[in-house]
Amino acid sequence: MMLITTHSLPLLLLLLQLWQPLQFQEAYYEDFYFPAYSDKEDFEDFMVEFQSTGPTRPPTKEKVKRRILVNPGMPLGDSGYCNYQIMRKNVYYKYSCVTEHYFLLMQYDELQKTCYNRFVPCKNGIRKCNMSKKLVEGVYCNLTKASNIPLCQYNSFYRRGYVLITCTWQNEMQKLIPYPINDLVEPPEHTKSFLNEDGVFVVPP
């Protein structure tokens, strides 16, 4: 691990580009986290995406696993969950904080299967989303402070519900990629409620 606090961010990024291919390990710039990468190609992809001024790159399986999926360990109900994971997984848009984000405790294959489930309304009521068939544990992150990295601050909300996603076709893999996450819908507390064909929870009389 290395701590650097005396250089500007652009200079640091340049230094890291020269240094990283020789030694892959974690590095910090104040509160900004540069993760370990297994090879030079992974690191270069991260740097290109971070510094790019053009359109956002299409989602990939690796990007979904890196930015959205989490493993058991840190309690999902921890109030600092989002601040830690957002920084650790580099969930940013260019140099800006994302306004909201979801972390899901599930395997990629299970999330990818959701792309083939029936359509339901998204939380904005406009686009079509696919909904998971099973309840999933996760964390909803809502930006509360700052707009540029590394000063992003988030509120963390534990949820257990149905995942709503939109999926993008990936030509190289010839598969649908489950990205982005639209919502994590908690079911009503009433145990007899169920989902109708429109994806709406219904409580029988």
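In case you wondered, yes, glycine gets a Cβ from its N, Cα and C as well.
Database features, via Swiss-Prot:
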DISULFID  CYS97-CYS152  disulfide bond
DISULFID  CYS115-CYS167  disulfide bond
DISULFID  CYS122-CYS129  disulfide bond
CARBOHYD  ASN130  N-linked glycosylation site
CARBOHYD  ASN142  N-linked glycosylation site
SIGNAL    1-24  signal peptide
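Features recorded in Swiss-Prot, as mapped to the structure shown.
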| residue | record | DSSP class |
| --- | --- | --- |
| CYS97 | disulfide bond | strand |
| CYS115 | disulfide bond | helix |
| CYS122 | disulfide bond | coil |
| CYS129 | disulfide bond | strand |
| ASN142 | N-linked glycosylation site | strand |
| CYS152 | disulfide bond | coil |
| CYS167 | disulfide bond | strand |
CYS122 (disulfide bond) and ASN142 (N-linked glycosylation site), distance between Cα atoms, whole Å: 18
CYS129 (disulfide bond), number of other Cβ atoms within 10 Å: 22
Within 10 angstroms of CYS167 (disulfide bond), Cα basis - recorded positions out of CYS122, CYS129, ASN130: CYS129, ASN130
Sparsest-packed among the disulfide-bonded residues, when each Cβ's other Cβ atoms within 10 Å are tallied, from CYS152, CYS167: CYS167
Recorded positions clustered about CYS115 (disulfide bond) [Cα within 10 Å; pool: CYS97, CYS122, CYS129, ASN130, CYS152]: CYS129, ASN130
Most crowded position, judged by CB atoms within 10 A, among CYS97, CYS115, CYS122 as disulfide-bonded residues: CYS97
Protein Cβ atoms within 10 Å of ASN130 (N-linked glycosylation site), excluding its own: 22
Cα separation, CYS129 (disulfide bond) to CYS97 (disulfide bond) (Å, whole number): 24
Rounded Cα separation (Å) that holds between CYS122 (disulfide bond) and ASN130 (N-linked glycosylation site): 8
Pairwise CA distance, CYS129 (disulfide bond) versus CYS152 (disulfide bond), rounded so that it is a whole Å: 28
Distance from CYS152 (disulfide bond) back to ASN130 (N-linked glycosylation site), taken between C-alpha atoms, in Å: 30
For ASN142 (N-linked glycosylation site), the number of other Cβ atoms found within 10 Å of its own Cβ: 12
